[in-house]
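Listed features, source Swiss-Prot:
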| type | residues | note |
| --- | --- | --- |
| MOD_RES | LYS39 | N6-methyllysine |
| MOD_RES | SER61 | phosphoserine |
| MOD_RES | SER145 | phosphoserine |
| MOD_RES | ARG165 | omega-N-methylarginine |
| REGION | 185-237 | region 'Disordered' |
Amino acid sequence: MAEYLASIFGTEKDKVNCSFYFKIGACRHGDRCSRLHNKPTFSQTIALLNIYRNPQNSSQSADGLRCAVSDVEMQEHYDEFFEEVFTEMEEKYGEVEEMNVCDNLGDHLVGNVYVKFRREEDAEKAVIDLNNRWFNGQPIHAELSPVTDFREACCRQYEMGECTRGGFCNFMHLKPISRELRRELYGRRRKKHRSRSRSRERRSRSRDRGRGGGGGGGGGRERDRRRSRDRERSGRF
């Protein structure tokens with residue numbers, strides 16, 4: 001009996017535990033669900049709930065009419081958001097294996113961001129810290145998520161352009177980033193991690209030369225100025 005219960009745990013045959021929450025980390029019934037939502041005590045994945053605001057869904061003029069947002073503007077806005085959050089997660093908490101943003105419209109999925117870290121310890125640290133932070137003028141609600149395999153959580157029909165449920169589908173409709181940004185964030189990341197220790201040594205030597213009156217620290221200061229300008233332009237944390 002125990003083996004059978006273990007085999008059906010989190011599936012549609014399980015009458016006790018919610019299969020949607022187990023697969024997707026969210027359920028449209030919320031706390032009213034008749035089945036249990038077993039929140040994980042440890043996980044590689046965290047969920048930032050309702051943090052992404054899609055301009056195409058929210059932009060309205062003062063008279064209540066919708067403002068047109070072009071596809072190009074939409075992609076630029078989304079890429080900026082994705083890069084900002086991804087970079088913040090890696091710089092403050094640890095290596096990110098995967099990050100996904102829901103483009104659904106249902107209240108339980110709209111704007112959810114799922115960040116899968118390489119280490120569970122980094123995910124735990126991120127949740128504790130992020131729940132004391134704000135983003136874009138709103139408090140962040142972060143929690144550990146049971147989702148580790150996004151292939152199970154995604155709507156396959158949506159990926160093939162055939163989902164008939166639209167934005168209110170209960171499976172994830174993941175919003176893609178541009179190819180250029182994907183290459184930048186994921187393609188170069190491994191090289192960056194391999195060279196990180198060497199970069200620290202070079203920066204240390206540059207600072208030492210700068211204090212000694214040489215000009216070796218100029219490149220580092222210029223990078224800091226560029227980062228500062230970038231944060232002023234798009235920083236919402």
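Each residue, glycine too, has its Cβ placed from N, Cα and C.
Distribution of Swiss-Prot features across the structure.
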residue : record                 : contacts (Cβ under 8 Å, 6+ apart)
LYS39   : N6-methyllysine        : GLU143, LEU144, PRO146
SER145  : phosphoserine          : GLY25, PRO40, SER43, THR45, ILE46, ALA47, TYR114
ARG165  : omega-N-methylarginine : CYS155
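When secondary structure is read from DSSP and collapsed to three states, the residue listed as 'N6-methyllysine' falls in the coil class. Secondary structure from DSSP puts ARG165 (omega-N-methylarginine) in coil. SER145 (phosphoserine) carries a strand DSSP state (E or B).
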